[in-house]
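Okay, so here's the structure we're looking at.
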Amino acid sequence: MAQWNDYHHEDEDVDGEERDESGVDYKSTGRDSLVFLVDASKEMFIKGEDEEPSPFDMTMQCVRSVYTSKIISSDKDLVALVFYGTEQSKNPRNSFKHVYIYHDLDSPGARRVQDVDGLRGEKGAQVAGETMGSGNTNLGEALWCCSNLYSDIKLRLSHKRLMIFTCRDTPHGGDSERDRQARTKASDLKETGVVIDLMHLMKPGGFDVSLFFCDVVSPPEDEAELGLQMEPCGKLEDLKKRVRAKEMKKRSVARLNLCLGEGMNVAVGVYITALQARKPNAIKLYRDNNEPVRTKTRLYHTQTGSLLLPSDTKRVQVYAGRQIVMEKDEVDVIKKFSDPGLELIGFKPMERLKLHHHLRSAVFIYPEEEMVTGSACVFTALLRRCSVRNVFALCKYTRIRNSPPRFLALVPQREEVDDGQAQIAAPGFHGIFLPYADDIRTLDTPQLPTASEPQVDKMKEIVHKLRFKYRSDAFENPVLQQHYRNLEALALDLMAPEHIEDHTMPNVNMMDQRLGSLAQEFRDLVYPADYNPEGKTGPKRKPAEAAGGAEKKPKLEMSEDELRGHVQKGTLGKLTVPVLKDACKQFGVKVTGTKKQELIDALTAQLTK
């Protein structure tokens, strides 16, 4: 028998803690796939003003960023790189002219990253010109070639996406027949579940999406999806943000019913807004072939050695010195408190929600129209009324079957967009995890001396001088960054990993310049005149009063009658180990070990002879 929490079976649900929410049941299973369809025309190689990188160079840097992120985060996903408008052709049987498949649809690796690095910069542009060149454009055949890439994959794909990178708003130069063929093939791709996105880049005179690409690009999958952006990308960072917003598939932790009353249920999805980044777990490999080691757990009877089935095991909980034996079904019933879902309890003013009520990172609640028709309409109405009245909704939240219920404060958030009509904040509720009464502790604050008014004023000046605007995205975890740089250097056979700048370390020189003499003035107000903060601490041991070293505690000798009395009463266990050792030395008792029970047994055997 074992403690009922000591082991879990595959069909058991775990507690819904934050660390467990990264492994969730996704809406669709399988691998994600992404195809980069890049324009290789001469216009893509023209540099911008002030020696800014060319659209082709920006695209290659963006492709490399996605490759490396896929290797780290989801190396099972499939990625392909295809160029159109090339002079040379490279595809199966060269069926499509002016289409060059640089990378087939496969998992990213170190070799592919090195290939993309060879296409970056001025040297990369020369290599691209020599390898592929620039020729006529037929986007319809390029889309047909990409369709064949998807059809040749025998694996199950959960999400298929195609990104077009170009700086030409009329790729066929006004050829209506080729435009019609491209629109038709794009429509066929969208019917097979391929999502087509446009990552248009800056060009002289502006990029007019309405001329051609508005009929090619797929519409947003839902209201939370980033739609077609009218303004082109002029900077690399803007391009990376758009690609990342499209490339990262939004997956819900859970899809639940939000019960607003008797018979009134709204389907919602629960999303993680922030998750702690950790180093990936180490994977054990076979020494011979470097294949991952798969572990299996089997339970055997300790006496007979026979294999135990799950029905042969019991759960045990020790209570009041007794072992309470339970079946697995009984344990499941004990763990289950309520069915998964969100249940509305009431509404509270926003000022009742305090900062110390936030137990952990919040979740985001968004409607799921596919599960229950009309959920988006009811959800939007609830969101607007809560926002207008400045209240939050208090709900009981049960994520999975065996998880304990929690109280959630649903804080409304209205949609926000920037100048380019790109969504900054999605409409929905932030679910704030509230504490129970047992979670709030009353601490006895120590009584410390109160600072004087001049000391407080001087510290206010110091705080004012050292203030700065904090942004969480400006600080990366240096340990994680160094870990991934080391892996990247090993995978790409680099001589040394890329240097990581630790932004968490304080800038001492800048702090000294800002403070000036304030630090010394504050030190004079608080500390005595002879205080030396950089001096050595005093000696840890007190010097002996007399010559001969430090004082030692006198040994406590015990008579034989006292020891025999402890033996007769059975109270030798009350004596400490040092006292028992001294007693053994005093009476010449030989001891083989130094444990307390061994000392007691040796003394008892000696004194009972």
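Even glycines carry a Cβ here, placed using N, Cα and C.
Heads up, TrEMBL stuff is auto-annotated, nobody curated it.
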TrEMBL annotation of region 'Disordered' - which of the ranges 1-27, 163-189 it falls on: 1-27
Averaged pLDDT, computed only over the residues in the domain 'SAP' (572-607): 78
Helix-strand-coil residue split for the domain 'Ku' (305-451), DSSP-based: 35 helix, 53 strand, 59 coil
Composition by DSSP (helix, strand, coil) of residues within the domain 'SAP' (572-607): 25 helix, 0 strand, 11 coil
